[in-house]
Amino acid sequence: MPGARHKILGHVLSGFCHKMNRRKPLYGDCLDTPLNRCLTTFDITLLGIGHMVGAGIYVLTGTVAKNMAGPATALSFLLAGITSTLAALCYAEFGTRIPRAGSAYAYTYVSIGEFWAFIIGWNIVLEYMIGAASVARASSGYLDALLHGAISNATTSVTGELHETLLSKYPDILAFLICIIASLILAVGVKTSAYINNGLTILNLIVISLVIFLGFFYADLSNWSDIHGGFMPYGISGVLTGAATCFYAFVGFDSISASSEEAKDPTRSIPTATILSMGVVGIGYILVALALTLMVPYTQIDVDAALPKAFEAVHANWAKYAVAVGAICGMTTTLLGSLFSLPRCLYAMSADGLLFGFLSDMSNKSQIPISNLIISGFSSALIALLFDLEKLVEFMSIGTLLAYTIVSAAVIILRYRPAPPTEDKDFGIPQLESPGDREDSSATGTPGTDAGSSSSEMFEALTVGRLRPQYAWLEPLVGGRAPGTAVTSCVYVFTVATAILSAHNRLAEHKLVMWMIIPDVVLSLIIIGCLFIIWAHQQSPIRLPFRVPYVPLLPAASVMLNVELMINLNILTWARFAIWMTIGLLLYFLYGIHHSKLGEGVTGLLSRSYSGNHTGWGAVDKTSTLARRVGRLGRGSRSDDRKPIICDDELSRREP
C-alpha cells in the first residue's frame, strides 16, 4: 500500500512541522502578569550596568590583555561593544513589542516559532547559569589572589587536586557558597534585591572612575612601544579572538529584557535602560583596558588580580584596597543579575509547557518562582564548584552569540511582515502573524491605524512585505509569494552565506592563493544581493516607542559580527556546545513539543482551529505554509484534506 504509506507520512510530517513552527499570538492586556511590576527605569538601568560591570572589568580585562590582544584589548572591547550594541538595539525593539519575561526566548516564540524559541531559551539558560558560575568563580579567585593563595592552598590540602582535564584544579567551595548566598538575597523579593543592586552598582561605578583616573595619571606610553611588543602584539587575529572573549563582558544587557514583566512602564524603560547601560559600560571597559596597559606592560599583568597588582607596580598600594571593594561590589551585582534572569527564563519556558510545570510555580508572598530560583542557584553553585573559569567563559559566549544572531534576524523578518487586520486595543501591540500562513500571495494584512493616518501611511500598511514600485522589475525573481516570505528567505540565505564566508576566511587566513578568493567574491555577492532584495520591499509603518534605525542594515551588521565572533571561538567550545544542544533537543522532542500550551487546543494531528476564549497567550489557529506543503505530499488536492487517510473503496479494490 505505497499510496497509503505516502499519505500517512505526509500527515505525520505535516503535523510535526506544524508543531515546530507554531507561534504564540498576543491576546488581551500584555501588561497583565502574576509577577510584581515594581521596577523603574533607574532600577532597570542599574540592573543592566551591574550585570555587565563585574568580572569583566576586574578579571577578564587582564586575561585578554596578557594572553590574547595586549594593549589592543581596548579594540577588542570596542568591537565586542559595537556587536553587543547592535544586538541590544534589536532587543530594545522587541522589549517594546513584547513586555514579557524570557527575553529573546519570548521574542522568538512570537515572531519565528516554537522550535527556534526553545533553542534560544535553552541557550539563554546556559548563558545565565554559566554566567553566575563564572562570576562566583572569578570572585573566589580574586579574593584568593588578594590573600596570596591562602584559600586555594587550604582547600587543596583538604580535598586534594582534581586531575580531570575538563574540571578545575580543586573544588572551589567559596564559589559554591557565593552562589548560594546570592540566591538567598534574591529570594527576599524583587524590590528589595533591586535596592541592594542599586547601592552596590553605584559604589562600583565610583571605584571604576577612580581606577580610570589613576590609570591615566600613572600612564607610561613606553609600555605600548616596540620594546614591549607594540600596541598590537598578537595582530588582528588576537584582537578578534579577544573580542570573542570580551563579548562575555557585555552579555548582561539582556537581563534588562528579562525584567520586562516586572517593569512599571516596559515600553519606555526597556529601550532607555538598554541604551544608557550599553553606553556607560562600553566606555568604562575601553578606558579601563587603556589605563591598565598604560600602567604596566601587558606581559607583566597578573591575570588573577590585574588591577591591584598594577597599582602595586606603580607604588599606589592604597588604591588596591579601593579596587578590592569595587571588585566585590561589581562581581556581586553581576552574580545577582545572572541569578535574577535565569529563573525568569525558566519560568517563561515552563509556563509555555516546554519545560517541566513546577518551574513556573509562583510564591504568593514574594511573587517570584521560588522553587525555580532554588534549582537555578544550586545548579550554578555546583558548576562553580567544579569547573574552571576560562572554560566557563568560552562556553558561555557561543550560546549568547547564537541568541543575539537569531534576535537580530528576527527584527528584519518582523519589520517586513504584514500585520493582521486587527490590533490589540488594550496595549497597542499588533498580533504577530506569519506571512506563510497565507497561501494566496495576493492576501495582505492591514494593521490598525488611527483616524488621522495619512494616505501614504495607509498605502504603506497595505503593501508591507511587497516590492516597492520602483523595484517592480524584481517581480519575476521574488514575486508570486506571500508578502514577507521573500524577505524571510533572504534572511536565512544571508545568515548561512555569512557563516560560510567567515569560516572560509578563518580556515584560509594563512593561505593567500588566488583561486581561494573566488568563494569570497561569490559569497559577498550573495550577501549583497540578499540585502538589496530585502531593501527593495516595503517595511511595516507600525509606530513603536522604539524602533531599530536603518533596518535592514544595522540588524544585518549585528548578524555578521555575531557570526564572525562565533567562528573565532575554540573548536573544543563548539564540541561542548554540541553536547549541550543535543541534551536540549532531546528534551524538546521528548517532552516540550508534546506538552506545549499551544497544543492544548489542538483536537487532531492537523487541527486548524482553536475553540475557546483567548484570555492570555493562546494557541495558534493556523498551520504554516511549510507544514501544508509537506502534508500535501499525499493529498493531491485541497479537497482531499478532510478525507480519511485510507478509504473503504481503496481497501475493497486491494482485496483479492
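Just so it is clear, glycine is given a Cβ too, placed from its N, Cα and C backbone atoms.
TrEMBL does not curate its annotations; it predicts them automatically.
According to TrEMBL, the protein carries these features:
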- 44-65: transmembrane segment (TRANSMEM)
- 71-92: transmembrane segment (TRANSMEM)
- 104-125: transmembrane segment (TRANSMEM)
- 173-190: transmembrane segment (TRANSMEM)
- 202-219: transmembrane segment (TRANSMEM)
- 274-298: transmembrane segment (TRANSMEM)
- 318-340: transmembrane segment (TRANSMEM)
- 370-389: transmembrane segment (TRANSMEM)
- 395-416: transmembrane segment (TRANSMEM)
- 424-455: region 'Disordered' (REGION)
- 442-455: compositional bias 'Polar residues' (COMPBIAS)
- 513-536: transmembrane segment (TRANSMEM)
- 546-596: domain 'Cationic amino acid transporter C-terminal' (DOMAIN)
- 548-567: transmembrane segment (TRANSMEM)
- 573-591: transmembrane segment (TRANSMEM)
- 632-656: region 'Disordered' (REGION)
- 637-656: compositional bias 'Basic and acidic residues' (COMPBIAS)
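Counting same-chain residues at least six beyond the ends of the transmembrane segment (573-591), those with a Cβ under 8 angstroms from any Cβ of the stretch are 115, 118-119, 122, 126, 354-356, 394-395, 397-399. Of the ranges 71-92, 274-298, 318-340, 395-416, 513-536, the one with the most Cβ pairs under 8 Å to the transmembrane segment (104-125) is 395-416.
Sequence-distant contacts of the transmembrane segment (548-567) (same chain, at least 6 residues past either end, Cβ-Cβ under 8 Å): 79-80, 82-83, 86-87, 89-90, 92-93, 240, 243-244, 247, 397-398, 401-402, 404-405, 408-409, 411-412, 415, 494-495, 498-499, 502-503, 506, 531, 534-535, 539. With pairs at least 6 apart in sequence, the transmembrane segment (395-416) and the transmembrane segment (202-219) have fewer than 3 Cβ pairs within the 8 Å limit; the two do not touch.
Sequence-distant residue pairs (6 or more apart) of the transmembrane segment (274-298) and the transmembrane segment (44-65) include at least 3 whose Cβ atoms are under 8 Å, placing the two stretches in contact. Secondary structure of the domain 'Cationic amino acid transporter C-terminal' (546-596) per DSSP, as helix, strand and coil residue counts: 40 helix, 0 strand, 11 coil. If you look at the transmembrane segment (370-389), the same-chain residues 6 or more away from its ends with a CB under 8 A from one of its CBs are 59, 128-130, 132-134, 136-138, 140-141, 162, 166-169, 171-173, 175-180, 182-184, 186-187, 338-339, 342-343, 346-347, 350, 358-363. Tertiary neighbourhood of the transmembrane segment (395-416): same-chain residues 83-84, 86-87, 90-91, 93-94, 97, 104, 107-108, 111-112, 116, 119-120, 123-124, 126-127, 130-131, 134, 244-245, 247-248, 251, 254, 432, 464-465, 484, 487-488, 491, 495, 534, 537-540, 548, 551-552, 555-556, 558-559, 562-563, 565-566, 569, 573-574, 576-577, 580, selected by CB-CB distance under 8 Å and a gap of 6+ residues from either end. When pLDDT values are averaged over the domain 'Cationic amino acid transporter C-terminal' (546-596), the model yields 86.
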